[in-house]
Amino acid sequence: MGALFRSEEMNLCQIFLQSEAAYACVSELGELGMVQFKDLNPDVNAFQRKFVSEIMRCEEMERKLRYIHRELKKDGMKIPDRDENPKAPAPKEMIDLEATFEKIESELKEVNTNAEALRRNYLELTELKEVLKKTQIFFAEHGRHGIVDDAQHALAHDEGGGGFVPVTSVQLGFVAGVIPREKVPAFERLLWFANRGNTFLKHDEIDQPLEDPVSGDAISKCVFLIFFQGEQLKARVRKICEGFKATLYPCPESASERVEMLNGVSTRLEDLNTVLHQTEDHRKRVLMSAQKEIRPWIIKVKKIKAIYHTLNMCNFDVSHNSLIAECWTPVSGLEEIQSALKHGTELSGSTVPSILHRMQTKEVPPTYFKTNKFTTVFQEIIDAYGIATYQEVNPAPYAIISFPFLFAVMFGDFGHGFIMFLAGLWMVITEKKLTSGKSDNEIMSMFVGGRYIITMMGLFSVYTGLIYNDCFSKSVNIFGSGWHPSYDFRTLQKETSWTMNPADHFDNTTGPYPFGVDPIWQSSMNKITFTNSLKMKMSVIFGVSQMLLGVLLSFVNHAYFRRPLNVFCEFIPQLVFLMCLFGYLVALVFYKWLFFTAECPQYAPQLLIQFINMFLLTYTPRVMPANFTGDLYACTSIEPTSINATSQTVFFEHQQPIQITLVILALLMVPTMLLVKPFVLRARHNARVKRRQGLYATSQRTLIHNEEHPEPAVRGKDNIAINGEEEDGGIVGHSEVGISEPEEDEEEFDMGEVFIHQAIHTIEYCLGCISHTASYLRLWALSLAHAQLSEVLWSMLFRFGLTFDMAYVGGILLWAVFGAFAVVTVAVLLLMEGLSAFLHTLRLHWVEFNSKFYMGDGYKFAPYNFKHLLDADLDE
C-alpha cells in the first residue's frame, strides 16, 4: 500500500552494452519488464538506424505469419490458446525461422494455386455437364421435331411484309452457355432489343448452387440456349454474352453426340474430384503442422522485432564497439536489472560485463505504481483523469473505499446489491477462465475487467441497503420496531390515517431500531419526507468529509515536496475557509440531531434558512419571558410563542457572534490566498537578482586583480582551474562555470502571470467549495430516484401479480409476472441505474475530490516489457 500511496522512486540510468551481448541483455530486460528506454536518436530517420535491416526481416516474417494465419482462419482452424512464453531466439535462429516460414508460405501458395485451378476446371466441367443435361431436356421436351422446329416457326416470318416464308428456307444456329441467375432478365431484354426479336432464348436454373473457385462462395447460375439465323446475328449474340460475362460451351446437335460427351465429362469430374480431395488433404496437413507452432512463432518474431526496435534507440560507440542506452528504472528494481544484465552477458558468451550507471538529472521521471489485479481497476479510474505527477499523493488507495461506498449511497438496496455482489463474485471465482481467451464481446470484457470493483460495489450496496432498510423497495423487520401503535380496530376504521406521537407510541425502554431505518417508516405516509431529510443531510456530511480529506492530502503533498509557502498561503486558508462555512454546516446538522427531540418539534431549526441568514447577518433572537428560570435554548415543552422560538430564530447561545466570526474568517482567507503568495514570490525573485548581481561584481573585481597579479592555478576536483584555466592549457570562461551568467534553466519571473494564476486558483477553490458541496446532493437525488423506481416496479408488476385470485391460472400468470419483474429489475435497476450511479461516482472523485490536491500532469511509466506481446494477434 505504501507504493500505491505514492509512486515508486525512479532513477535515470545509463547502460553500456558490448555489441555481442546487447541482444541477449535487452532480451532479458524485456522479460523482466522494469526498464523504460529513452530514444537517444530522435532526429535520425527510422530507415537510417543501425538495425533497420533486421526489423525489415522481422516485418517480412510477420507478413508470412499473417498469411498462414489467414489460411488457418479460412479453414476454421484456431490458434491453440496455450499458456506459453517462449524466450526470444538468438539472432542466428532468425535464418531458420525465415526458411521455415518461406517453405510453408511457398507450399501453401502452390497448393492454393493448384487447388484454385482444379476448382476452376471442376466448375467449368460442372457447368458443361449441366449445359449438356439441360440441352438434352430442352430438345426432348418438344416431341419429334424438337425445339429447333419451334424456333423455326417462331422466327420464320417476313420482316418487311409481315408474311411467313417456308420453314425449309430458314437455317437456324444456336449457342449454349451459363450465366449468373441475377443477370438473366437484363440479358433477355438486351437480346430482344439488340436483335429486334430475331433470337429465341430458352433458359433454366441449375438446381444446385455452384462454388466460386476463388472465394468459395455459393453462386446460382442458369443454363441458356439462344437460336438465331445467320452469321451476323451469331456474332452479335456472342458479343452480348461476352458483355454479360456469360460462359459459352460447345454443344453437339445430335443426341448421341451429347450423350457421349456427357459421359466423358462425368468421368473427368470424378477423377477431378478425387484429385481435389487429395489436394485439400495435403493442404490440411500443412496447416495442421503450422497450427501447432504458430503461436510460439508469432511471439518469437514479436520479441525479436521489439529487441531490435529497442537497440535502435541506443547510441553506438564505434571506438569501444559498444551500445549506450539510457533508461528510467525503479530504484527498488536495480538489483533485478543488474541480475538480468549479468544473465544476458553469460548467455551471449561475452567476457566483458555490462555496466549500469546511475545518472543525476533534472528531468521529471515517469510515474509508476505497483498494482495487482485488485488495485489495477481503481488505479485505471484515476489514470483516466490524469497520470499522477511524480511522487504526488495517489488518490487510488482512498478510492478503493470511497468509490464503492459513494456508489452504494446512491444505489442502496439490499436485494439489488446482493445480485450485483453475486455477479461480481462469480466473475472473480471464474476469472482464470474468463480472462484466458480473447473475447470479441467488448461489453463482457469490460465487466470482467471491473469484476473486483463490481463485487465491492455490490457488497457496499448490501450494507447501505441494510442502513436504508430497503430490499426491492420493501423493509425488513429484523430486530423489532421501536414503535408500538395502541389503536384498536374500531379506531382505525374511523380514519384513513393517524399520527403516531412518540410520547405515546414509542418504546423508550428498548430504544430506537438497532441498525438502520425503522421498518415502521415503510407504511407511513411521510416516508419520503423523512428519508429525503436524512439522505440530504448525509450527502452533505459525506461531501464535506471527502473534500476535507482532499484538502488535508494537499498538505501531505506540500510537506513532501518542501513547499512551506504553499502550506501557509494555500493549505491553511483553504482549510479555514472550508471549515468555517461547510464544516460549521455539518456541525449544525449533528447539533440538530443531538439536541432537538420530539418534545420541541415546533422550533427545530431549518438549517438551510439558518445558513442563508448567516451570510445575510440576519438574526432573530429569542425572548426571555418573565419569571423564567430554565435554559432558554433547551428543548422543552414550553410554549414557543412565549419565548419567540421559531425555526428561523437563533437556537443556541452565542450563535450570532460565533457565526459572524466564522464569516469574517472565511472572507479574510480569500485575499490571503489571492495576494500573499504572488508578493512573496516577487520578493524572493528580487532577492535572487540582487544576490546574483553582487556575485557578478565580486567576480569582475577578482578577475581584474588576477590580471594585474597572476597567481598559480589552483586545480579543482574536475581538473578545471579555478582562475579559468584547464589542465591542457585551454581557457574556461566564467560563464561556463556558472558565475557571471544566470542559470539556463531558471524561468523568467512574470508577476502578472503569477497573479493571474493565483487568482484563477483562488476563485476556482472558493466557488468550487460551494458548487461541490451542492454537487454532493446527487447522492441524495440518485438514492431517491433508485428507491422510487424500485417501488414503482414492485407496485406495477409484482404486487399486481400477487392480486390474482385464480386457482391454477394465477400461478402461471404469477410466474410470467415474476419473469418480467426479474428482467426489468436486471435491465433497468441494475444495469441502467447502476451505470448512472457509477458515472456520478466517477464525477465526484474526478472533480470534487481530486481537484483539492491532485495535479495529474505526469506521464506514465511505460516499461519495455514482453508481457503485452504474448497475445498471438498480428492484425495490428
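All positions are counted from 1 along the displayed chain.
A Cβ is built for glycine as well, from the same backbone N, Cα and C atoms used for every other residue.
The feature coiled coil, as given by TrEMBL for the ranges 94-135, 262-303, 346-387, sits at 94-135. Residues of the same chain lying 6 or more positions beyond the ends of the transmembrane segment (812-832) and with a Cβ under 8 Å from any Cβ of it are 413, 416, 419-420, 472, 786, 789-790, 793-794, 797-798, 800-802, 804, 806.
When Cβ-Cβ distances below 8 Å are used as the criterion, the transmembrane segment (405-429) is approached by residues 447-448, 451-468, 470-473, 476, 538-539, 542, 546, 778-779, 782-783, 786-787, 790, 825-826, 829-830, 833-834, 837-838, 840-841, 844-845 of the same chain, each at least six residues removed from its ends. If one looks beyond the transmembrane segment (449-468) by at least 6 residues along the same chain, the residues whose Cβ comes under 8 Å of a Cβ in the stretch are 373-374, 377-378, 400, 403-405, 407-409, 411-425, 427-428, 431, 434, 515-517, 531, 783, 787, 834, 838. Summed and averaged per residue, pLDDT over the coiled coil (94-135) gives 90. Long-range contacts of the transmembrane segment (540-560) within the same chain, counting only residues at least 6 positions beyond its ends with a Cβ under 8 Å from a Cβ of the stretch, are 6, 391-393, 395, 398, 402, 406, 409, 566-567, 570-571, 574-575, 578-579, 582-583, 585-586, 589, 769, 772-773, 775-777, 779, 844, 848-854.
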